[in-house]
Structures are given as structure tokens and as C-alpha cells.
Amino acid sequence: MVHRTEPAWQTPVWQQALSSALTDVDELFEYLQLDKSQLPASIAAAEKFRLRVPRSYADLITKGDPGDPLLLQILPGSEELRKADGFSADPLEELAKHQAAGVIHKYQGRALLIVTGACAINCRYCFRRHYPYAEASAHQGQWQPALEYLHKNKQISEVILSGGDPLALHDGTLSKLVDALQGIPHLKRLRIHSRMPVVLPERVTGELLDLLTRSHLQPVIVLHINHPRELSEAARSSLEVLNAHGVTLLNQSVLLKNINDEPALLARLSETLFSARVIPYYLHMLDRVQGAAHFEVSDARAREIYQQLREMVPGYLLPRLVRDNSETAYKLPIL
Ligand SMILES: *Cc1c(COP(=O)(O)O)cnc(C)c1O
Ligand code: SF4
């Protein structure tokens, strides 16, 4: 289903869904019938990094189950407040790497453009949870330095919109950005890293489809799905529409303790993704960001899981197990 574009005076359905997301911890506990004895810890953790979960995503969580793998991705908890060795605020040392406001050009031929800090969902393990977006993103109206950088660097053929979630930008804003990018002759591909089509399927509007497909830039969306249950019926139909419009769909997951650290589950994730026409791309080792240590899967366990996964799925459904790091100009394979 394509979500129709409302008249200009009307707030789009996806923005209404976004603003009705759950951000109050007390309300979340109520909504999901969770044990209130955990509430104070959650409130304390949410003060450091806000709770945010769309209601449609909350509806996929089993009520009363504190171990639900979807819940664990979004529920603030006391573990986040513990200090852990080797975990820091900016594990990839990204802040030192900006070439122009919001541009991270570390990999050959591809440049990352941080366009917003906003997200539809706040994932507790997010490596940018401490990121100072206000200083380090290219805001609308201030795109000029970033665009000039892209213009000048003729070896860049792919722009990756990142954030935050770039699809948190309104269609009108994105449309202006895509038009500007279109004017850069050496660019061939427009890649968007987004969790929105899955966590807020209403985001796939007719206008979005239009701006993604009207230019010569080949559109790629890299989704972020960690568990097969995240692929709701609504998410699947949004992905179907994107696919039908010629948008290449890839997925990256993060290997997360107690959430998806089982080979059979990852095999099921790959199969489910493919049934929604999404190709598994990366399986990331956790970035060692402060507050996320309890999600970490050891290298030894990760290798074991991956070895078993390899035996369970066809080669084209095996994501690459990688670690991001501040040294190499590519994601480092773990095996
Ligand atoms: C991950 C990343 C990319 C994209 O890498 P691919 O291997 O092309 O998916 C580009 N630039 C930076 C800085 C990255 O961290
Ligand atoms: S940037 Fe991605 S991983 Fe981080 S909170 Fe937003 S949607 Fe989640």
C-alpha cells in the first residue's frame, strides 16, 4: 500500500504516528504490563538517552514479558548506567573525521552525510547515542559546505544519507537535498540508512517514492532489522512497495546478546528478510559505546554462531560478520 500524500495543510499520517510514539517510561510499563519494580532504573537510564518507541512497534512486543527481544532493544535499564572498560562515548572516533559539516568521508568512493539526529525509535545499543548532532550534522540551509565537498571530490560516486534516521526529514526537505545531489555529475548512487520503513511503515509515502526514483541516482535503502518479528505485515507491505519501485533493499543487523545471538534465529531472520525481498548485508559486532556493554557478544561466541549460520542458509542469505573501527577504510570481517 502506498500511503497517499496529504494536502499541504494536513499533517502526514507518518508524522502523526511519530509524534504519538511512547516516550514516557511509566506509560510504556503500563502499556506493556511490565513489572513496576524495574521502573526507577528505567527512568534513570532514560534521563541519559530518551525512551522512544512507535506504538505500532510496541504492539509487536509480547505484553508482560520482560525478556521479549523487541522490548530489550528499546527499554532503558540500570545496566546502561554501569561503566565498562573499553566502552566510550564515540567508539569510532567519528567526530575527528568530519571533512565538512556532517560529512564523513573515510571509505573510497562513498561519503556519509549526517543529515539529522532524529530517529523514530531509540535503540539502546545505538553507537551514536551520545553523538552531538547539533554540532555535527548538516542541517537544512547549511548543506552548502557538504555539497561543495561532494562537488569537489570527483571520486565519490555514492552518497550515504545517515543520522539519526534520514527519513525523519520531511519529504519536502529530502526532496530539496536529492535535487541538489542530483546536480553533482559524478554521483551515481543514493543510499539511505534507515530503520523507518520497518518501525514506522507509514513513512513510505508517495512523495518519498517519487523523490527516490525520479533522478538518475540509483536508490538503495539499507534497513536495520535485528529480529524476524520486527517484520510486521505493515512493514512488509511498505518494503514491497519500495521494491516494486526499483529501490534495492539491503539489511544490516547488530549481533545482540539475548536478542538475536542464536544461529537458528539468524537463519530465520535471513529467510524472512528475503521473503520481503531484502538481502542480508551486514551482521555487525556491537560498537563499544558507553551504556551498551550488556548487549555485547564475545568474538569467540560470534564466530561459533556465524559458523553454524553458514551451514544453515544459502550463501546469498549470509550477511557479512564485521566490526566497524576507526582505522580501516572498510568494515573488518570477523572470520
Ligand atoms: C559503514 C560506513 C560506510 C559504508 O560502508 P559500506 O561497506 O559501503 O556499506 C561508509 N562510510 C563510513 C564512514 C562508514 O562507517
Ligand atoms: S540511529 Fe539507528 S540504531 Fe541509532 S537509535 Fe536511531 S534507528 Fe536506532
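Backbone N, Cα and C atoms are what each Cβ position is placed from, and that goes for glycine too.
What TrEMBL says about this protein:
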- Cys119, Cys123, Cys126: [4Fe-4S] cluster binding site (BINDING)
- 105-317: domain 'Radical SAM core' (DOMAIN)
- Lys331: N6-(pyridoxal phosphate)lysine (MOD_RES)
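Feature map: TrEMBL annotations on the structure.
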residue : record                         : CB count, 10 Å
Cys119  : [4Fe-4S] cluster binding site  : 22
Cys123  : [4Fe-4S] cluster binding site  : 22
Cys126  : [4Fe-4S] cluster binding site  : 20
Lys331  : N6-(pyridoxal phosphate)lysine : 17
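Under DSSP, Cys119 ([4Fe-4S] cluster binding site) is assigned to coil, being neither helix nor strand in the three-state scheme.
Note: the CA-CA distance between Cys126 ([4Fe-4S] cluster binding site) and the residue listed as 'N6-(pyridoxal phosphate)lysine' rounds to 17 Å.
Under DSSP, Lys331 (N6-(pyridoxal phosphate)lysine) is assigned to coil, being neither helix nor strand in the three-state scheme. Listed in chain order, the residues near the [4Fe-4S] cluster site other than Cys119, Cys123, Cys126 are Ile121, Asn122, Arg124, Tyr125, Arg128, Arg129, Asp165, Arg195, each with its Cβ within 8 Å of the site Cβ centroid.
Ligand 1 lies under 6 Å from the Cβ of none of the binding-site residues Cys119, Cys123, Cys126.
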